[in-house]
Every structure is written in structure tokens, then in C-alpha cells.
Amino acid sequence: MYSDNHIELKNYNTFSLDAKAQAIYSATSVEELLMLWKNALLKGLPVLLLGGGSNVLFISDFDGLVILNRITSLVITESSQEWFIHVGAGNNWHQLVKELIKSGIYGLENMALIPGSVGAAPIQNIGAYGMEFKDVCHYVDIVDINNGKQYRLDATECQFGYRDSIFKHKYRENFAIVSVGLKLNKLWKPILTYAGLTSLTAQTVTAQTIFDAVCKMRQSKLPDPCLVGNAGSFFKNPVISRMAANQIKARYPRCPEYPQTNGTVKLAAGWLIDQCDLKGFQCGGAAVHSDQALVLINKNNATGKDIVDLARYIQKKVIEKFAITLEPEVRFIGKYGEVNAMDAIS
Ligand SMILES: Cc1cc2nc3c(=O)[nH]c(=O)nc-3n(C[C@H](O)[C@H](O)[C@H](O)COP(=O)(O)OP(=O)(O)OC[C@H]3O[C@@H](n4cnc5c(N)ncnc54)[C@H](O)[C@@H]3O)c2cc1C
């Protein structure tokens, strides 16, 4: 797929924004990806790698080449105790979860229905319903665009954190994730710690039951991007000191808090936004979802600017009320590539 002229990106970002790119290609192999990237560099075009476009916000047209990562492969091997899944970065995450369960390989069910590609999963260490990508990561394979060399990073080297990894820092530019290795214990243990799953019985529950329950809860809580443009949680949940959390708790006893192992406390960004009475609040064509305060939606032909203005307003209101600065989880894409989201909304 290629054009030298302006290509509509509406179908390639789940916000369904009307941004344009100079050109768009699909890469189905590492060689193709390298070739496309090098050609773009020779032409002086910036490159944006996209999977499912479910974690990006186009704040303007992108004056470069979009490469869709469509490197798909799936190789499953096993030892007496573990399954080893080697999967191409272009595979769809949810389809992988579904197919593995169908094959009797369990352990990803809590992360069912997270949109996007396998290759993007390590970048923000996707997580939901009591587990994160890091819990199943064996390794991540990357390619250096400058020299074509491939490297394998084990889970420790990926430096996973809450919505964070080395792929947002050292390996953010000029590197592409090309495949991922997962390690799943054959001695499956259900994870039922998260609200909504606690009523299931550990002794009798199956992975399929958890998968179905997670899908049902997500479908009832989150707007479907096929119907209403959105990128899931727009802001990260803020992590603050115990002392700051105590001060908030003294003023707002009902504020939910999640103590972290290092002594800090995670708060629910959606709750903070909701306390500012912003559900349903609109800025141009963008709005805060009327049920989920953490989800910003493309309500009526929103532009990237509408969503940035709305995010800025939300951030200001939360600072005024709680003295907490919310940070976007979504990646902002400008004319020449990614821009700093905090700078864009401040
Ligand atoms: C309705 C909805 C619900 C969501 N729920 C959750 C949730 O529960 N938990 C959660 O963690 N996330 C959630 N998300 C966010 C999103 O699903 C994840 O961030 C997902 O991993 C993004 O995958 P993607 O392929 O769409 O990435 P894209 O949006 O295509 O890309 C995201 C970023 O990664 C870069 N990138 C993409 N592929 C590669 C690659 N192969 N190599 C290098 N860089 C690459 C892009 O350049 C971009 O900067 C949700 C999103 C939506 C729309």
C-alpha cells in the first residue's frame, strides 16, 4: 500500500481522527521493515511505526511515512513445565490470547480484549485485571534501524514499570520491536485478585471463564472504538508519596488508593477526574466519556486539537482540586513524529 500523497489515517487510529500522512506501507517481514525505513530516511521522511493505532493521538497531520507492523508468526514450544510462545510483533494481542486458550495454553486470559498489536504490548507494559505483560514476558526482539542488527532483551533488561519500559526511553527511536517471547507456566494458577473476578472460585474456575468474564466486564465498561473513537485510558494513574496520599485521604476519605510495594500509593485517575464533575464535559468535538471519566472520546468529528484542549482542561482542574498532575498514557504524534505529551498539554 503506498501513495506519495496525503493518506487518510482515520482507519489506522482508534480515536478515528482525520489526520493524514505522506504515505503508508505495511511491513510483513523484518527485511521489508528495514527496507521501507531506509528508503524513507533517504527521502528525508520521518517514520512512524504503528500496530493497531490504539495508543496514539494525532495532534496534527504527520509529514512522513507510516509503517504498519504486520510481521505475523507464531511458534509454540514447550518444556515439561512451561510453554514458550514466540510471536511476531504484528499479531493482534486479543486474537493471540483467544487462540492460546483454545489450544489449552493459559495465563493471558486476564489481559483479554486489550486492543492493539503484540509488538506494542511491551512498550507500555500493558496490563489489566490484576496482571501485566511483564508477568509473562520471556524476551523482546528488536531491530536497530541504523545497522539492521537484531537484539534480544530478556524481561529484566526490558526494565518494565507501571505503563513503562526501556522501549519508551533508550529504545524509543530508531528501534522496532519485531517479535516477542512469552513464557507460560503449565501449572496454571488463576489470578482472581481484581474486583469483578474475586467472586470466582479458584479451585473450579477455568481460563475460559476468566476470559469470558474479563471480556464481558470490558465490553460493559469501555466504549468500543469501532463505534466511538477513543484510546482507552487517556491518563496514567498517578503514583504519589504516602504522605501526599494521607493528605488527600484526610480531605476525601472515599478516595480509592492502591499501596505499591515501594511505599508509594497509586490513585485512580478516573476517580480524580470524576470528582471534578467532568463526566460528559465537552471541548469542541471531544468529550469525557459519560460513564468512564478516564476515557476521552471523539464524540463529534473531533480534531487532535480538541482532544489536547480537553486533556489540558482536565489536567488543570485536577491540579486545582488535588494538586496532582495527571500525565497522558497515550502517545502524541505531531508533524514530524512523537512529541512530549506533557509539553503539548501544558
Ligand atoms: C478501548 C481501549 C482499551 C484499552 N485498554 C487497555 C488496557 O486495559 N491496558 C493497557 O495497558 N492498555 C490499554 N489500551 C491501550 C492499548 O491497547 C495498548 O497501549 C496497546 O499496547 C497499543 O497497541 P497498538 O498496536 O495499537 O499500538 P499503537 O497505538 O499502534 O502504537 C503505540 C506506540 O508504540 C509504537 N509502536 C507500535 N508498534 C511498535 C513496534 N513494533 N516497535 C516499536 N514501536 C512500536 C508506536 O510508534 C506508538 O508510539 C486500550 C486502548 C483502547 C482503545
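Placed from the backbone N, Cα and C atoms, the Cβ positions cover glycine too.
Cβ neighbours of Arg163 (active site) (same chain, under 8 Å, six or more residues apart in sequence): Gln124, Asn125, Gly127, Lys236, Glu329. In the three-state DSSP classification, Arg163 (active site) falls within coil. What TrEMBL records for Arg163 (among others) is active site.
Feature annotation from TrEMBL assigns active site, proton donor to Ser233. Sequence-distant contacts (6 or more apart, same chain, Cβ under 8 Å) of Ser233 (active site, proton donor) comprise Ala269, Gly270, Leu294, Val295, Glu329. In the three-state DSSP scheme, Ser233 (active site, proton donor) falls into the strand class.
Annotation comment: TrEMBL describes Glu329 (among others) as active site. Glu329 (active site): 19 other CB atoms within 10 A of its CB, across all protein chains.
The feature domain 'FAD-binding PCMH-type' is assigned by TrEMBL to 17-187.
Annotated domain 'Plant heme peroxidase family profile' per TrEMBL: 58-339, in sequence order.
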